[in-house]
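Listed in TrEMBL:
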TRANSMEM  54-79  transmembrane segment
DOMAIN    58-500  domain 'Major facilitator superfamily (MFS) profile'
TRANSMEM  99-120  transmembrane segment
TRANSMEM  127-143  transmembrane segment
TRANSMEM  149-169  transmembrane segment
TRANSMEM  176-197  transmembrane segment
TRANSMEM  209-232  transmembrane segment
TRANSMEM  311-333  transmembrane segment
TRANSMEM  345-368  transmembrane segment
TRANSMEM  375-395  transmembrane segment
TRANSMEM  407-427  transmembrane segment
TRANSMEM  448-466  transmembrane segment
TRANSMEM  478-496  transmembrane segment
């Protein structure tokens, strides 16, 4: 991911590998630090977040990335049905034009997530994030000032390169309170931007849609500027072997002296991770270097030991989108109109729909660890399919004359609300939780990156295809999504294991390989290697 901001908020556990560099610098490490978890810095949960100004500030800045992505989702939902917008961009009123305009941002996000992690490793997470914010703001300015449809679409593609990365700045091993914060920030962006645009639509001039487009820049710019008040990521500093700076960064983030046992332990863990990644890749691909080793590391995701994990990680990302959540978010007013609601009521119901999503995101984290991932994946697939089937049946029977069958129309609304409640409790969190849990340490960063790119590409396909489907297939569109929901349930039955509360070794047993056991041994070797008395060298 582009920045390790949220990862740096948490006390570090030896868990995730990074590549190495030719930059040389060493710092003394306490020899009595063992391969174990770091002693607690303080209370867990929300109290832990507010225990340090740096921690709270970093958590706030990181949440702005998710908010920026959610903001665009909420804005485009109403802009898609604005008369003032269509007067300037008549091409966007057609089914294909509407889908292309919406989807280009997602295609840009797909492109961005492919090359931005490389940039982050080259120039640091901090400066890569700054570049991303600049790209995002350029896209937002083009959208705000566009006078032609082609310019608008180009602006959305450019903005997508930034927004896709901003939304994914959380680390692959994000857990607990910070995962709640990430999801809440995305959905909060949807809700807040929707109601802002709900208000600006009453402005008769072009300001009605240009103002919401322009406001996209506020949170992203705060993030881009605010990140420079924080030290470089300790993990990036370790990546380039700036060990003294790495220790100082950990000390500053924790608000503790660099001699503190917890700071020393976390620092040792970070240095060990760098060595671990070097050793594990050398063990798996001896004699290879550079691009060839990177390509072989990607191939590991599809090898005998890794393919089942990849099916789960990418599968949940794929089904999260093909269940049709963003078809509702992007085109909710149009969908509610298709089940007999007036233009004004469709806008209000769309806003309520988004609020319900926020409520379920808040609730889901109270149950996800208690119920488990596998039951939620199975139930979420089949249950959302039932909601779609009921909407399809009622629309097929009464869709030609909703005015004479208002009760059926409201029943469809109830099913739409049931859909978002079920989705918010199941595939909404699972789409981000499962990929970070199923991949072993050595392939986690690439596995999560592949899952993320799958999510963006699937999102793009759904965003482009939904308007033409609604225009040409009518109620059969709901059958289309129902089929994918049922397939998600079947996929979960066959492939999705229970990962909640399991160790790496226990997850190994579920997938029938020994990756976790192998990595534990390599991690111990890495820890011993980094604990040896350092030899001072010049930079």
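Including glycine, each Cβ sits where the backbone N, Cα and C put it.
Please treat TrEMBL annotations as automatic predictions, because they have not gone through curation.
Keep in mind the model is a prediction, meaning the values are calculated, not measured.
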Legend entry - Leading stretch by Cβ pairs under 8 Å, where the reference is the transmembrane segment (448-466) and the options are 99-120, 127-143, 407-427, 478-496: 99-120
Legend entry - Most Cβ pairs under 8 Å with the transmembrane segment (345-368), selected from 54-79, 99-120, 375-395, 407-427: 407-427
Inset, instruction - Looking only at the domain 'Major facilitator superfamily (MFS) profile' (58-500), report the model's average pLDDT. - result: 88
Inset, instruction - Find the member of 99-120, 127-143, 375-395, 407-427, 478-496 that has more C-beta pairs under 8 Å to the transmembrane segment (311-333) than any other listed stretch. - result: 478-496
Inset, instruction - For the transmembrane segment (209-232) and the transmembrane segment (478-496), decide whether they are in contact, meaning at least 3 CB pairs lie under 8 A, counting pairs 6 or more apart in sequence. - result: no
Legend entry - For the transmembrane segment (54-79), distant same-chain residues with Cβ under 8 A (at least six beyond the ends): 3, 5-6, 8-9, 48, 85, 102, 105, 136, 159, 163-170, 178, 181-198, 201, 209, 212-213, 215-216, 219-220, 222-223, 226-227, 229-230, 252-255, 326, 329-333, 347, 350, 354
Inset, instruction - Please give the sequence-distant neighbours of the transmembrane segment (127-143): residues at least 6 beyond its ends with Cβ less than 8 Å from one of its Cβ atoms. - result: 2-3, 5, 68, 108, 112, 116, 119-120, 151-152, 154-163, 165-166, 169, 213-214, 216-217, 220-221, 223-224, 227-228
Legend entry - For the transmembrane segment (99-120), sequence-distant contacts whose Cβ falls under 8 Å of one of its Cβ atoms, 6 or more beyond its ends: 1-3, 72, 76, 80, 89, 92, 128-129, 131-132, 135, 139, 149, 152-154, 156-165, 167-168, 236, 330-331, 445, 449, 452-453, 456-457, 459-461, 463-468
